[in-house]
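For reference, the structure discussed in these notes is given below.
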Amino acid sequence: MGRLNLEHTLQGHKGRIWGVAWHPKGNVFASCGEDKAIRIWSLNGNTWTTKTILSDGHKRTIREIRWSPCGQYLASASFDGTTAIWSKSSGEFECNATLEGHENEVKSVSWSRSGGLLATCSRDKSVWIWEVAGDDEFECAAVLNPHTQDVKRVVWHPTKELLASASYDNTIKMFAEDALDSDWDCVATLSSHTSTVWSIDFDATGERLVSCSDDTSLKIWQAYHPGNDAGVATPDKQTVWKCVCTISGQHSRAIYDVSWCKLTNLIATACGDDGIRIFKETSDSKRDEPTFEQLTAEEGAHDQDVNSVEWNPVVEGQLISCSDDGTIKVWKMTE
């Protein structure tokens with residue numbers, strides 16, 4: 001089995017820490033929390049230190065931060081109903097744009113692979129898609145309202161302009177732009193969870209999605225395209241996402257976040273039972289009936305709820321986590 005080794009415990013935020021996000025180069029990460037501040041951390045020798053504190057962009061808790069694929073921009077989603085765009089064009093990070101429109105808390109933000117689109121979602125049940133129109137200019141391209149409850153998370157597909165959202169209504173929705181009229185449409189609804197879907201993440205290929213829920217389970221979804229060799233029907237020649245695996249019994253409380261490593265294919269979870277768990281696909285797994293095993297469970301990873309986990313996109317096996325306990329932890333997974 002594997003082992004999750006704690007490398008660093010970092011403090012600096014006041015109160016709970018909601019989100020952590022690696023820079024695309026893997027040598028810097030950002031964190032955010034209820035102190036309304038963003039901290040940018042870098043490795044100084046063998047120690048992670050706060051390089052910058054951004055504290056003038058939001059009036060309330062910052063729920064999530066995400067780096068643009070080019071690494072030049074950072075987007076932050078806040079309970080104040082706005083999304084701030086930060087850039088370092090002048091040498092120092094500055095808030096160059098504030099996106100307004102959501103009626104209340106913005107829960108999540110995500111950049112498309114090209115960096116040309118940004119998605120946000122909110123407690124107001126809507127998903128917004130923004131086009132990057134030029135230097136610090138963002139235009140609303142779509143307001144999507146297929147969810148019946150609070151939308152918790154938005155994540156773009158790793159290679160296509162396909163957006164996934166997870167909601168308090170127990171479903172995941174997929175959105176794509178119609179080639180004919182340029183309207184964004186809901187192209188799939190993924191239903192299997194029996195409670196809030198807190199988070200989702202694609203694998204490296206984008207052919208599979210993992211979801212985590214208040215129902216204490218993980219689900220693996222497989223994309224079936226028109227003409228697939230498994231014989232799965234695809235009405236209207238639309239890709240169908242089918243739940244092909246449910247992973248349950250390992251978590252005792254809600255699973256708040258999930259990260260599918262693009263380098264190792266390992267899945268990490270952040271749980272309300274203060275634990276972090278790592279899952280691996282078994283060697284005899286089948287595409288249409290995959291099986292996963294728990295490699296390791298770090299039961300007391302934090303002293304309170306673990307809110308976010310994310311694998312380093314460059315350094316194999318490195319994981320960061322953050323918690324209600326006010327700490328960030330850097331881990332190294334060894335198999």
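Cβ from N, Cα, C; glycine included.
Residues annotated as repeat 'WD 1' in Swiss-Prot: 12-51. Residues or ranges marked as repeat 'WD 2' by Swiss-Prot: 57-96. Annotation comment: Swiss-Prot describes 101-140 as repeat 'WD 3'. Summarising the annotation, Swiss-Prot assigns repeat 'WD 4' to 146-185. Under the heading repeat 'WD 5', Swiss-Prot lists 192-231. Taken from Swiss-Prot, the feature repeat 'WD 6' covers 250-289. Annotation source Swiss-Prot lists repeat 'WD 7' at 301-335.
Between the repeat 'WD 1' (12-51) and the repeat 'WD 6' (250-289) there are fewer than 3 Cβ pairs closer than 8 Å, counting only pairs 6 or more residues apart in sequence, which means the two stretches are not in contact.
Through the fold, the repeat 'WD 5' (192-231) approaches residues 152-153, 155, 157-160, 162, 164-168, 170-172, 237-248, 251-260, 262-263, 265, 267, 269, 279, 287-288, 290, 292 of its own chain, all at least 6 residues removed from its boundaries and within a Cβ separation under 8 Å.
Helix, strand and coil counts under DSSP for the repeat 'WD 7' (301-335) come to 0 helix, 19 strand, 16 coil.
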